[in-house]
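Lifted from TrEMBL, the feature list:
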BINDING   Thr146, Lys169, Thr180, Glu260, Asn389, Thr394  substrate binding site
ACT_SITE  Thr180  active site, nucleophile
Amino acid sequence: MKFIEGGICAVKGVRAGGIKPGKMGIAVIQAEGNAAGAYTRNKVIAAPLVVTREHINGTGRLAGVIVNSGNANAFTGVQGLADARIMASALASKLGVDEELIGVASTGVVGRKLDTGWITSHLAEALDSMGEDADASMKAARAIMTTDTVPKEIAIEMDCGIRIAGIAKGSGMIEPNMGTMLSFVYTDADVPSEMLQSCLTASVDKSFNMIVVDGDTSTNDMVLVTATGQSGIHPEISDLQAGLDLVLTELAKMIAIDGEGATKLIESKVTGAATAEDARLVAKAIVRSPLVKSAIFGQDPNWGRIVVAAGYSGADMDQTKISLSFSASTEVVELVKDGKVVRNDEEALSQLKSIMSQDEVVIITDLGMGHEGATAWGCDLTYDYVRINAEYTT
């Protein structure tokens, strides 16, 4: 496996483009093939997700995707559904395909009517921007950004010859449980939609469902994967799974480090859990905790907050068996071993402060209860997060 340039346009059969002249943006992606999706578990489901899920469930295929940024088209009732269908119909007409082969996505402010007039009047410009190169992929990645500070894309080539690539957006309202989080993934593998769905579901559980920026689950979270089949390669399911796992995990980490106002990536690695679910519960509780996140932002070596978060996570644990350490780059400091504090001296706390000052901080929690593990990712909680969200619509 190797990383390659080109973003989603590194995959045969993918054309992309996008425009973002202001707060509103449009991305368009043309790629025909078998498709699968994963969607938010929020009970308030945005209109575009309803429409896209209907289309994929009905046909198992996609020929294109249209995305708008700046308005989530969520909690907009019957009109919102009609507006999502207008978007699908507009792109379908331009591409010369059935409306049921179009995926629709939106991201932005919840509860406001979508300006479909703006979208349809700017669609031609977005289509004119389309291409099959790295620049075209980047245009699409930038067009879907809201409070993101950087576009997010990745492309890989597997040893078996297939390529897998994706773009994503997300910065706030991030704790997908399938914030606002969208991802569009493409492969040139020739695989049925059932295999795509199986692999996507498994990958999402290990990647996007393991990131937390602020603990809010968006109404619009969606991941779509389309297989163009243009490589002519029928990969083993294990190869497709490994490739999707890597692409989605890297995109998930990009979202976590780009959390609103974030300055650090936090990796919570849990080992020794009795069950895989226990490991997931503890890993996510740690990166979700506002006290842990703010301590790491302030480089405050108050490591007891980690133990507290593990304790209330709902996982089966015994405080006499827990071990805790921190690491960053080449530094490692062990603080708790088998339920006993082994380091709490000034030197250890100074070392912990040094670790917390790094761009990436790893927290390793061994529960001592079994052999299962999990990893979650998050970011620190900063003053800028409050500022951004206090002023979001003003």
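Yeah, the Cβs are placed from backbone N, Cα and C, and that goes for glycine too.
For the binding-site residues listed here (Thr146, Asn389), the lowest count of other CB atoms within 10 A around the CB belongs to Asn389.
Each of the binding-site residues Lys169, Glu260 was scored by the number of other CB atoms within 10 Å of its CB, and the largest score is that of Lys169.
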